[in-house]
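The annotation active site, charge relay system is assigned in TrEMBL to 140, 213, 554. According to TrEMBL, the domain 'Peptidase S8/S53' annotation covers 131-604. Feature annotation from TrEMBL assigns domain 'PA' to 397-468. Here TrEMBL flags 670-774 as domain 'Subtilisin-like protease fibronectin type-III'.
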């Protein structure tokens, strides 16, 4: 990747100057996004683009416009040298410069697991006509339009409101679109400004998908019914997205080197102007304040226009503070398991059976035969070809680290980490190995991901990995093993379980807002796949399959995107916040055994920092009873109470903010969010308290009485006033106040204690549940 860094400049004609230090290296050029006060275009310029180009020519003879922004943002982007940027910053109308972030992708039975079935004639799918008039914009790596999941057959005309277009490009004529894929655009200018021209021998300069991720996520959100569907014989059945008749608009923003903020912002700008109802964004990785975050800025503009934005929480779990895409106007989705897995056990020479999972679909190992087994980290490889003398590289089966003499004819144990899981198997295969056991490390815990390996292989958890390595190291006779593949298993219990990789709270930017919001199926999900990419993702994989099984919060996000489209179809007057509220307050936190949901990484009970409000329950979300609605002005008050400056708020909202009135709301935690999160800094205090003010809107029955049930966090006193809400009509709003009181707890400096409870409103028919999380923090001395 080129050494260029990218910056965003937000510009308008009135505002204070914020100084930003520039690199002393005058050789480097950087991309800037410039925000301008859009109402001040001089009349001599026929278009904003002409005006922007004239502005650039006053400070540079070589700079040119990369993108223009007109809908969720007003301005343009350009590549400038530090000296040119300093000239721009010196102008009175420049307000700030923001480093652009490079983001990465957060890489079928789930509709049935969620309770969405075609046989249910009174259910959410039928009531909404499967979302046929709704448009889901997918920001990803593009799409493979020929897949059956994207057929336009039997769909009605393109919705009249649609203003988008099908942009032709390499291997993607305009005829690639149909009544299913109604729009397609690609955004590479920002990526190329930093990395140079696309390598068109491996990537398509068009909306066509050369990776597979975008095809997969698009079909999860809105794939048509396809039967039979499977991957290499696994997960046989009917494949369908969440909203099978919803229309798709494809916005390709991710390339081999990542997803660049200026391109993502351009996609938001286009998608809102085109008329999408939902944006699905399985991209992330960077957590910065909202006024420095292109996704947060673009999403605010989209939400203000009534567009629901769903984004993946990230795959940084199971550690805390790993959640990304945390702005309160974005619905942040973590990942859970479903009740299906793909068992592939390891049988050791000592007779012990170790459980694992795999979706290997090629020739298996000879039944009944035991094979020699070796571990790359045991010293047998002498560090390998690329790993030095400590065997670290060979323990991970990195490229060039294995010795063919040692590997040939054997099963190799490879530790998880550094390189791709399937790439480890390719390294084993290339050196003559007959199989691979992919072993989790301690940090990975017991969480397993099934892969389409290129040789007989299975994945095992950290405990199993220790057993296998111990057997190899301590066996008096040559260690042997085999792998037994058992196909697809349904009805797995417990499920759902919070996926080990799913990113966790607390929220690193706004601890008053609990994130993630919900979890959805994200482990081993079957969905559409391109024709020219092998299911393992390894370049040498020549296998071809119409569907593939992938895992990640990338897969969980489009589940919620599709569900949001169904809810929008059922309730056209609901705002994005109301839709999210319905999903959150009806979510569940118990598994299919009736026990509290577990954490896959540890096997212990999971918490609200892992799953937010819980696992989505679409059928209940259709009729939640009450919703916590939020307007754009409420978000402005939240930003004011989060101590954002008026200039920073303008960057996000494109409007001048008056924070005087916001202070009456009390604090940032009083945003009308469907969950409650409090943080107490002890500072020697013995008693502490806080309050939350909330407003609920009746979307259930006209005459209804809701009574509250409080489950306080351990050792705390929680009161709710009033404890009864009496509604006389649909649409009526009522307020209530929650007070939390607690005593200081003994903590070491810099440590914290977190306890959870809940506040539940019920009228006997609807149950409206909100988690309440309280963190006690002991400051450093």
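Even glycines carry a Cβ here, placed using N, Cα and C.
Worth saying up front: this structure is predicted, and the values here are computed from it rather than measured.
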Taken over the domain 'Peptidase S8/S53' (131-604), the model's mean pLDDT: 93
Residues that sit under 8 angstroms from residue 140 (active site, charge relay system) by C-beta distance, when 6+ apart in the chain: 105, 209, 213, 214, 217, 218, 250, 251, 252, 253, 254, 280, 281, 282, 283
Secondary structure content of the domain 'PA' (397-468), with strand meaning DSSP E or B: 21 helix, 16 strand, 35 coil
Within the domain 'Subtilisin-like protease fibronectin type-III' (670-774), residues counted as helix, strand or coil by DSSP: 1 helix, 65 strand, 39 coil
Around the Cβ of residue 213 (active site, charge relay system), the count of other Cβ atoms that are within 10 Å: 25
